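Participant: Pasting a structure below so you can have a look.
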Amino acid sequence: MNAGSDPVVIISAARTAIGSFNGALSTVPVHNLGTTVIKEVLQRAKVAPEEVSEVIFGHVLTAGCGQNPTRQASVGAGIPYSVPAWSCQMICGSGLKAVCLAAQSIAMGDSTIVVAGGMENMSKAPHLAHLRSGVKMGEVPLADSILCDGLTDAFHNYHMGITAENVAKKWQVSREAQDKVAVVSQNRAEHAQKAGHFDKEIVPVHVSSRKGLTEVKIDEFPRHGSNLEAMSKLKPYFLTDGTGTVTPANASGMNDGAAAVVLMKKTEAESRMLKPLAQVVSWSQAGVEPSVMGVGPIPAIKQAVAKAGWSLEDVDVFEINEAFAAVSAAIAKELGLSPEKVNIDGGAIALGHPLGASGCRILVTLLHTLERVGGTRGVAALCIGGGMGIAMCVQRG
């Protein structure tokens, strides 16, 4: 996709705070998280619910969430029944793929205004058992839907953490190098939180409990005061034979949250006297060997940047999802990226990784970061379980 004479622009962008696993947002149904961000981005964009053409959300762990959770989120936000709403599933890339699909729909003339984003409540993901034909004797094992539908490679039947170990070995990323990436992520996120960098992008979620109504508006997952000495003491989690390097501290978390953006053509924004946050310049997706799925952003970023007519040096800010520190280090190494341009307010190792939401979450953070630092060009990218990568180029001004 190329911007053309009437590019697709992003008018507003917001996200919830990211909750820890079984934490502050764990009791909130996923569609309610979606509803919260949809309402917020419509209000910021000065768009009435009935003016929306379509709602597209990334969502991965749908089991037990009811029929079409995105439709539930859309209707909950006051968008009329006449407006279609649907989910897309591309594992970690779902939330960004939803934005790509929205831009595509607008560029083709099928839609005028689209709300796109992603949502996930990993805390509410159920355990599963297949009992259709009954059980004559013995126990029935329960499968964790987070693992079987979200975090286990379908081709090699091992955890995403093993794919990170494969990347660490192939790209020669040491345990110390991974821990350094993780500490930088935590320290940057701590600084960003204390400086209020996330305040503008976060919409509060009101959570009911026995104690009454609680307002959740601060990312819960970052560990302030993180340091290399403490991090180096953790044992490898996925490989315990003495060769492992990936630990809970240098990997992203399991989390809850939602994010959304409002898109329309530039001329539509002008007619409404709205100032875009950025225009969508290009996007790309790529496939890689599933055993090293974490390097998927390398070809995706190269292709998206080439489509935009940019060089990597032209990019002011990169938001690249930190599924694992090993992956982040390999991508930066392969592309020759300056650490000062990548995840400048911390990444998923510190903030968390709610699967279906992360793609749009990093885009929301990218847009607000570009605005805050006065940057012009940005790239959002994620690796994707199963061996893929997705990237989007956006430009302010």
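Positions of Cβ are set from backbone N, Cα and C atoms, glycine also.
Residues annotated as N-acetylmethionine in Swiss-Prot: MET1. According to Swiss-Prot, the feature active site, acyl-thioester intermediate maps to CYS92. Feature annotation from Swiss-Prot assigns N6-acetyllysine to LYS200, LYS233, LYS235; the stated evidence is similarity to another entry. Per Swiss-Prot, the feature CoA binding site maps to ARG223, SER226, SER252. For HIS353, the entry in Swiss-Prot reads site 'Increases nucleophilicity of active site Cys'. According to Swiss-Prot, the feature active site, proton donor/acceptor maps to CYS383.
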Participant: Would you mind reading off the Cα separation of CYS92 (active site, acyl-thioester intermediate) from LYS200 (N6-acetyllysine), to the nearest angstrom?
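Facilitator: The separation of the Cα atoms works out to 24 Å.
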Participant: Just name the winner among SER226, SER252 (the binding-site residues) by count of other CB atoms within 10 A of its CB.
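Facilitator: The most densely surrounded of these binding-site residues is SER252.
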Participant: What is the separation, in Å, between the Cα atoms of LYS235 (N6-acetyllysine) and SER252 (CoA binding site)?
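Facilitator: About 16 Å separates the two Cα atoms.
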Participant: By CA-CA distance, flag whichever of LYS200, LYS233, CYS383 among the recorded positions is nearest to SER252 (CoA binding site).
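Facilitator: Checking each of LYS200, LYS233, CYS383 against SER252 (CoA binding site), the shortest Cα distance is to CYS383.
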Participant: Return only the integer: C-alpha distance in Å from ARG223 (CoA binding site) to HIS353 (site 'Increases nucleophilicity of active site Cys').
Facilitator: 15
Participant: If the CoA site is taken as the center of the Cβ atoms of ARG223, SER226, SER252, which further residues of that chain fall within 8 Å of it by their Cβ?
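Facilitator: Other same-chain residues near the CoA site: ALA182, SER185, GLN186, ALA189, PHE221, PRO222, ALA249, GLY253, ILE349, ALA350.
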Participant: May I ask for the distance between LYS200 (N6-acetyllysine) and SER226 (CoA binding site), taken between their Cα atoms and rounded to an integer number of Å?
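Facilitator: Counting only the Cα atoms, the answer is 25 Å.
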Participant: May I ask which residues of the same chain, at least 6 positions away in sequence, place their Cβ under 8 angstroms from the Cβ of the residue listed as 'active site, proton donor/acceptor'?
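Facilitator: Residues satisfying the criterion: CYS92, MET293, GLY294, VAL295, GLY296, PRO297, ASN321, ALA323, VAL327, GLY389.
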Participant: Take the Cβ of CYS92 (active site, acyl-thioester intermediate) and count every other Cβ within 10 Å, whichever protein chain it belongs to.
Facilitator: 35
Participant: Ranked by the number of other Cβ atoms within 10 Å of their own Cβ, which of the recorded positions LYS233, LYS235, HIS353 ranks first?
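Facilitator: In terms of Cβ crowding, the pick is HIS353.
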